[in-house]
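Each remark here refers to the structure printed beneath this line.
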Amino acid sequence: MSELFSERIPPQSIEAEQAVLGAVFLDPAALVPASEILIPEDFYRAAHQKIFHAMLRVADRGEPVDLVTVTAELAASEQLEEIGGVSYLSELADAVPTAANVEYYARIVEEKSVLRRLIRTATSIAQDGYTREDEIDVLLDEADRKIMEVSQRKHSGAFKNIKDILVQTYDNIEMLHNRDGEITGIPTGFTELDRMTSGFQRSDLIIVAARPSVGKTAFALNIAQNVATKTNENVAIFSLEMSAQQLVMRMLCAEGNINAQNLRTGKLTPEDWGKLTMAMGSLSNAGIYIDDTPSIRVSDIRAKCRRLKQESGLGMIVIDYLQLIQGSGRSKENRQQEVSEISRSLKALARELEVPVIALSQLSRSVEQRQDKRPMMSDIRESGSIEQDADIVAFLYRDDYYNKDSENKNIIEIIIAKQRNGPVGTVQLAFIKEYNKFVNLERRFDEAQIPPGA
């Protein structure tokens, strides 16, 4: 495969590279826009890489960038003769009549650099296809990651000096101090929950676990709706259990306060039709993207979310539910190890895309054997490393689910059993089952909201 490209000259524009360097010699201020677009490795000719690097070092010391200082810098690093000597630097200084077009020239250099990296990446992918014996999904995931890195021009990965991090951290603290409210992450729309968590933080993995039919899907959908309709964030929902149409039916009920049974059967009153029209209008303007592929792999989730973030932006990911995600096949032991691998991958995804990932989880039947049915960490099915990977573990508990005579009808407890960077505790919400909707508890006493028998 490499022979295909061995006799071809890689994409490059020596003239544009010379124009960039010449513009900096002509006007040192041109280094600012040039350095915002280019790094030394973007230059094709090795001599140009060294010259641009020398310019950056001189500028970093606060010295003027000109023919004299750059010559001295290259001489000090014993690179002056390697780049062609003072005579070549003088040629560069006379290469352009004006520095006004430096950004245009830099874009040409950048474009050629991206093409070269793309060729190298494609060659590497093709070579892997011939020689690697990994699972096809592993190869596809790696290929997608490599291509995305090229398209995003990632120059990250180096060490970060703590002084730079401290400056960014101080600016962030100052911003938080000056903003209204206590929310530092993405608001869920539930007052007490947001107060306890400060909103769901970017890069966090949030596990929401409950027994079947307690309301975890409705809870996650409510959060997704609140985020998508009340903020500018887009939400990606992966539904492995229900179809996209079933999810949207639930969303319409919650958004329009429409009885779910009436909507399922089509027996809508004139008032319901009005509510449905308003709910459809609200949701159609929301940035909600649904994928209902069953038995999807984490690699597929990652690839689709990377693409969505690049094309439209992404603020949150919801997965219903974790145990239905298909393993990579690399774990030869048992399903628990596969689920552990999946949870680690979801945490890595949250960090990579800098969005909160909400993953729903089933609970084992062991919770049914206890006097107190409130869930515990050990109740998470095939838990493995889920507890370790998660930044927040939230259990949903309804007393009236187990006790039909409960005094706390329609009340659901959101038990924050783990919060890596915050307190643990319990938040109560009202659950309007007919609407598939959770509301803040202070609104529960507006009886008009809650149908009889909810």
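Each Cβ is built from the backbone N, Cα and C atoms, and glycine gets one as well.
The region 'N-terminal domain (NTD)' feature in Swiss-Prot is assigned to 1-149. Mean pLDDT for the region 'N-terminal domain (NTD)' (1-149) in the predicted structure: 87.
According to Swiss-Prot, the region 'Linker helix' annotation covers 163-176, on the basis of a curator's inference.
Feature annotation from Swiss-Prot assigns domain 'SF4 helicase' to 179-445.
Annotated region 'C-terminal domain (CTD)' per Swiss-Prot: 183-454, in sequence order, evidence recorded as a curator's inference.
Feature annotation from Swiss-Prot assigns ATP binding site to SER213, GLY215, LYS216, THR217, ALA218, ARG250, GLN362, LYS418, GLN419, ARG420.
Counting every protein chain shown, the number of other Cβ atoms lying within 10 Å of the Cβ of GLN362 (ATP binding site) is 18. As annotated by Swiss-Prot, site 'Gamma-phosphate sensor' applies to GLN362.
Per Swiss-Prot, ssDNA binding site is recorded for ARG381, GLU382, GLY384.
With DSSP classes pooled into helix, strand and coil, the tally for the region 'N-terminal domain (NTD)' (1-149) is 109 helix, 0 strand, 40 coil. Annotation note: GLN362 (ATP binding site) sits in a strand segment as assigned by DSSP.
Of all the Cβ atoms in the protein chains shown, 20 others lie within 10 Å of the Cβ of GLN419 (ATP binding site). Taken residue by residue with DSSP, GLN419 (ATP binding site) is part of a strand.
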